[in-house]
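A.B. asks: What follows is a single structure, and I will ask about it in a moment.
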Amino acid sequence: MEVLIAFLVGGLAAVGVYLMLRPHLIQFLIGFLVLGNAANLLIFTAGRLGSQSPPLVQRDGSLLETIANPLPQALILTAIVIGFGLAAFGIVLFYKAEQALGTLNAEAMPEVFEPAPAPSPVDQVRAPTPEKERIPV
Amino acid sequence: MSPLVLPLLVPLTTAVLCLVVARPKVQRVLGLLGALALLVSALALLLEVHRRGIQAVQIGNWPAPFGITFVADHLSALMVVAGGVVAVAVALFALAEPDLPRERLGYYPLSHFLLFGVNGAFLTGDIFNMYVWFEVLLLSSFVLMVLGSGKAQLAGGVKYFAVSLFSSVLFLVAVGLLYGSTGALNLADLATRVAGLPSGFQNALAMLFLVAFGLKAAVFPFFFWLPASYPAPPVTISALFAGLLTKVGVYALLRVFTLLFAQDPAFSHGVILWVAGLTLLLGAFLALAQGELRRLLSFQLVSHIGYMLMGLGLLTPLALAGSVFYALNHMLVISALFLLAGLLYHLQGTSVLVRMGGLYRSHPGLALLFLLPAFSLAGLPPFSGFWAKFTLAAAGLEAGAYAIVGVALLVGLLTLLSMGMVFAEVFWKTPPEERAVPGGWERLVFPVVLLAVLTLGIGLWAEPLMALSQQAARELLEPTPYIQAVLGVSR
């Protein structure tokens, strides 16, 4: 079982990394979700698999002979919630970026130019460059 | 209440209060008061740690190693104090030049949530909890980075976001593997268990952590995102980022590579030394090639992270003390320089170097003020940067690592060259065009003066801070008291 899941994790990680390396930002986001799931499955497997024993403490406070470890689930739950928040923020960020910069292609996005460049008289005499192409010196 | 949780509660309370009171005028005062209270509580924590040794608190009364632990040793407490100083300086700057649109969008709550996350990362004693704190500070920083939706901010924000996501996943994977192999998450508990792992597996884990934290700390070869994003937001945001965020990565590296992965230093710390050297050199050369002030400072920021890693790579008491001292000094100096860049932008309406000039004639005092943090960054006496570099160089010579000492000294010279070029461009050169000098800049000077006087003061009277840094280094190299403080007494 562990071996199977290990291959699954590897496959998901490969898919995720491949998608994250694509220039399109939506592909990047899907890649992040896939890679995040690979990480979650990895934590799950690292906490030992097994369906026979419950993660319960008995009423008198004593432990069963074999007991499942509930901590990996708690960790994964935290990671899922965080991943969900990040993905939600990412969608809005990419949407705003598309609106402002006119592209979702990360490679076509301009390098950081001077924050709010104030047009100086010198620049206006020379060929006026459109705002988007004003790339730093 | 233990003074340990105050540096967490203060920014949280401030942020929540700022959320409740939506009026920018009240928020400004609250923001400054919150930053001051944070500094005071951080100093109280440092005093407590210095007097009574390492402090540990078990949250929720679960005994360690089962519950979440917060620990403050000298390193944590010093980092929290330096963060408090940066927060006060930035709050003063924000008070002097209000940015009303961004204040309406929540600048103050977000910046205090950021401080909350940063302090949490400094103080936590649990590796998974550290991941959560990283996410707290990252999410606040994402929003701050694009606050106001400027074009440059969005373009930089996308890169920053993408790189941070990837490093978060790597961090999570590393934590998962560490947990799976040792069954522990508490740092003190881990410290006793990691040594039992096979050494190949240890090194693989160490490299995963190095990449995950290296991306956050912006070291070679993972620094490309920083100069692409830090210059974009307004200076009240980028100065905060420059002072705090990369240092969280450095702190995490210092912690993990002394407490957990110090078993095979020939390999892991050898890699760190290479990374340090290449970060130093590439950052310094790339800074020389920049034509925009904040981009130039971003490359200087990257380059000087290399010094902190150099001390970690050497792993001797003196070298680690140098690293800690360097990190503290750098937080003050780089924030001062970023704030100065904002001040110069206010005066000149641009931060492209060729279009600036002539300030020496109109503002000679400002020129002098620029030289204080600039010389400190380059490591000239009598500033704090000198002692930081001196300690690292002495430690390197002691350990016989001549190559890295040579690189460190060369980069010091290159930094001086770069700062000299900035001085010549901004202050000496005749301005390319006549422009009216706006007034009202005097208010902006105060926070920069505060930081510059601090770096000069630390330089002239380096003994107390150096003693504290050496104490921090001793605690890093001899983790038994740390482990005892966490696992031994449970409150």
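Here the Cβ of each residue, glycine as well, is placed from N, Cα and C on the backbone.
Below, the features straight out of TrEMBL:
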type: TRANSMEM; residues: B:6-22; note: transmembrane segment
type: TRANSMEM; residues: B:75-95; note: transmembrane segment
type: TRANSMEM; residues: B:107-124; note: transmembrane segment
type: DOMAIN; residues: B:125-413; note: domain 'NADH:quinone oxidoreductase/Mrp antiporter transmembrane'
type: TRANSMEM; residues: B:130-148; note: transmembrane segment
type: TRANSMEM; residues: B:160-181; note: transmembrane segment
type: TRANSMEM; residues: B:201-226; note: transmembrane segment
type: TRANSMEM; residues: B:238-261; note: transmembrane segment
type: TRANSMEM; residues: B:301-320; note: transmembrane segment
type: TRANSMEM; residues: B:326-345; note: transmembrane segment
type: TRANSMEM; residues: B:366-387; note: transmembrane segment
type: TRANSMEM; residues: B:399-423; note: transmembrane segment
type: TRANSMEM; residues: B:444-462; note: transmembrane segment
A.B. asks: Against which stretches of its own chain does the transmembrane segment (B:399-423) lie, if we need a Cβ under 8 Å and a gap of at least six residues from its ends?
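C.D. replies: For the transmembrane segment (B:399-423), the sequence-distant neighbours (Cβ-Cβ under 8 Å, at least 6 residues beyond its ends) are 273, 276-277, 280-281, 283-285, 287-288, 293, 296, 300, 303-304, 306-307, 310, 313-314, 316, 319, 353, 367, 370-371, 374-375, 377-380, 389, 392-393.
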A.B. asks: With a Cβ cut-off under 8 Å, give me the same-chain residues at least six positions beyond the ends of the transmembrane segment (B:444-462) that come close to it.
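C.D. replies: For the transmembrane segment (B:444-462), the far contacts come to 85, 88-90, 92-93, 96-97, 329, 332-333, 335-336, 339-340, 342-343, 346, 366, 369, 372-373, 376, 381-387.
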A.B. asks: Looking at the stretches B:6-22, B:75-95, B:201-226, B:238-261, B:301-320, which one shares the most CB pairs under 8 Å with the transmembrane segment (B:130-148)?
C.D. replies: B:238-261
A.B. asks: Top stretch among B:6-22, B:75-95, B:238-261, B:301-320, B:366-387 for CB pairs under 8 A with the transmembrane segment (B:107-124)?
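C.D. replies: Going through each listed stretch, the top one turns out to be B:6-22.
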A.B. asks: Can we call the transmembrane segment (B:238-261) and the transmembrane segment (B:75-95) in contact, meaning three or more C-beta pairs below 8 angstroms at a sequence separation of 6+?
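C.D. replies: Output yes: the transmembrane segment (B:238-261) sits against the transmembrane segment (B:75-95).
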A.B. asks: Who are the chain neighbours of the transmembrane segment (B:366-387) in space, where the CB to CB distance is under 8 Å and they lie at least 6 residues beyond its ends?
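C.D. replies: Non-local partners: 300, 304, 325, 329-330, 332-334, 336-337, 340, 343, 359-360, 412-413, 415-416, 419, 422-423, 426-427, 445, 448-449, 451-456, 458-460, 462, 465-466.
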